[in-house]
């Protein structure tokens, strides 16, 4: 597991207004600004069904959410490239953003996938205690190294996979702004790396926006977290499944 005890400052600052001075902002050459976005809503999100690595498409609400966050980003400072989980719900969200931002390239990376939840995938959390008691018990465990029966990952494995991926992206794009479209559990793992001593109390809503600065000294700084101001007219589910027992 990657070292989560390195010195990392953590603070949240307001998002700049769209347009205007925001377009003149430059990213320091010794860091990468990564805009982390959760995919739009799916029918399984709406039904409370656990997705994990199962490949579920966006529903109509999810597509509207994707268009809303794409419109937001199109008015903000220039983005260099978009990285996305290879699962449909994330990739479709990323492609929607790419079209609104001048036809940017979308690079699919399976390391940005949601946590593999083993035997819990495809069932609702309400059903899990009775239909998959062993997997459900593992899911509720306080141990970060507890894997979930049926090929599922531990939180430590998820952490290692996602944070290593983001570090590779940051190293490749110093001085640039990059969008990463991922999933609730993966995004919680990134928050854990950036703020190891403070658990995020914010739900990771569909198409919520976070901004991380990753420096060449391997320092991670949170600039914005779980912002959904672009969804005021679109709506969103009051849930943010994050791959662990604290999930909404």
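Along the chain as shown, the residues are counted starting at 1.
Cβ coordinates are placed from backbone N, Cα and C, and glycine is handled just like the others.
Feature annotation (TrEMBL): of 1-26, 105-130, the stretch labelled region 'Disordered' is 1-26. Across the annotated binding residues for substrate (38, 39, 40, 41, 42, 43, 44, 45, 89), the two most widely spaced Cα atoms sit 15 Å apart. You'll find the Cα of residue 44 (substrate binding site) roughly 14 Å from the Cα of residue 114 (active site, proton donor/acceptor). Residue 114 (active site, proton donor/acceptor) sits 10 Å from residue 38 (substrate binding site), taking the C-alpha atoms as the reference points. Rounded to a whole number, the distance between the Cα atoms of residue 39 (active site, tele-phosphohistidine intermediate) and residue 89 (substrate binding site) is 6 Å. Residue 44 (substrate binding site) is surrounded by 19 other CB atoms, counting those within 10 A of its CB over all protein chains shown.
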